[in-house]
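Here is what TrEMBL says about this protein:
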BINDING   H65, H67, H109, E111  Fe cation binding site
DOMAIN    33-126  domain 'Pirin N-terminal'
DOMAIN    179-286  domain 'Pirin C-terminal'
Amino acid sequence: MPEREDSYAVRDSRQVVKKFLARPQHEGVGAIVRRSIGRFELKYFDPFLALDEFSVTAPAGFPDHPHRGFETVTYMLQGAVLHEDFEGHKGTIGAGDVQWMTAGRGIVHSEMPAAQGTQKGLQLWINLSSKHKMVEPRYQEIASKDIAEASNDGVKVRVIAGEALGAKSPVYTVTPTMYLDFTLKPGAQLRQPIPARWNAFVYVLEGEGGFGSATKPVTASAHQLLLLSNGGGGDGLEAWNKSLKPLRFVLVGGEPLGEPVAQLGPFVMNTEEEIDRTVDDFENFVNGFEKARHWRSESGISLGF
């Protein structure tokens with residue numbers, strides 16, 4: 001990361017090269033997600049495989065399902081979800097909490113509503129390099145009260161990963177990643193550095209704002225994804241809120257892996273042969289999926305992979 005994470009570190013803003021609306025679609029069992037990365041307009045944005053803004057009300061949810069070869073980052077915006085896996089890990093992810101799960105060689109888990117009403121959040125899938133795809137699964141869980149925060153001149157940030165406004169996250173990212181949740185008051189402006197060569201995007205949660213640069217601004221509002229330029233200049237993001245309401249968005253960036261991607265649903269490897277082996281491993285309960293043979297979550301439902 002750059003040594004200085006303040007406005008003076010940004011000399012030239014990255015431009016917005018693509019903008020589109022994340023439209024609702026069905027996922028899991030009865031859940032609704034707004035998928036931006038991971039759908040036909042943008043199947044992969046190295047190293048990011050998917051970004052879902054999810055909305056789920058019991059009895060809908062994401063029951064027993066497997067993963068291999070990447071990480072999932074669950075950031076709750078409203079309500080809570082109950083997480084269980086075949087290693088015996090179980091817990092509740094509440095509003096403002098983060099769960100950073102490295103699936104690695106294999107995990108089977110469920111994510112179901114843990115409260116009344118509608119539960120809302122973001123789930124980001126981050127690819128792992130070939131040398132890390134088969135690591136042992138691990139979790140990093142950060143309660144809302146423990147997330148690093150900072151404020152300056154009408155800008156507030158919650159630092160999920162990386163560093164901003166002098167605040168730094170303790171999260172270790174296998175694939176180098178920044179994940180920042182910004183709120184700008186009316187009239188506020190932000191200039192946030194982005195490491196050179198990293199791919200980065202903005203996803204707007206609330207309000208309306210301008211992004212890019214003063215000479216070529218792009219206006220975006222809730223549920224819109226903005227891809228930022230990479231190469232040809234631009235060392236950070238410039239954003240401003242000229243509306244009368246707060247603007248909230250996440251800025252996510254990551255170091256590209258530059259490797260081939262083979263994906264079959266919740267399995268992400270480098271080749272089709274590796275995908276075939278993964279399916280065999282899962283169906284035969286071997287090479288990381290041994291505990292899947294007899295495990296069922298308390299919900300007792302499977303997505304059938």
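Glycine is treated like the rest: Cβ placed from N, Cα and C.
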Per-residue pLDDT averaged over the domain 'Pirin N-terminal' (33-126), given as an integer: 94
Long-range Cβ environment of H67 (Fe cation binding site), under 8 Å and at least 6 residues apart: M101, A103, G106, I107, V108, H109, P266, F267
Residue counts (helix, strand, coil, in that order) that DSSP gives for the domain 'Pirin C-terminal' (179-286): 13 helix, 51 strand, 44 coil
Fe cation site shell beyond H65, H67, H109, E111, criterion: Cβ within 8 Å of Cβ centroid: F62, D64, P66, T72, D85, I107, V108, S110, P266
Listed binding-site residues (H65, H109), ranked by Cβ neighbours within 10 Å, top entry: H109
Helix, strand and coil residues within the domain 'Pirin N-terminal' (33-126) as assigned by DSSP: 0 helix, 65 strand, 29 coil
Long-range Cβ environment of E111 (Fe cation binding site), under 8 Å and at least 6 residues apart: G61, F62, T74, V81, L82, H83
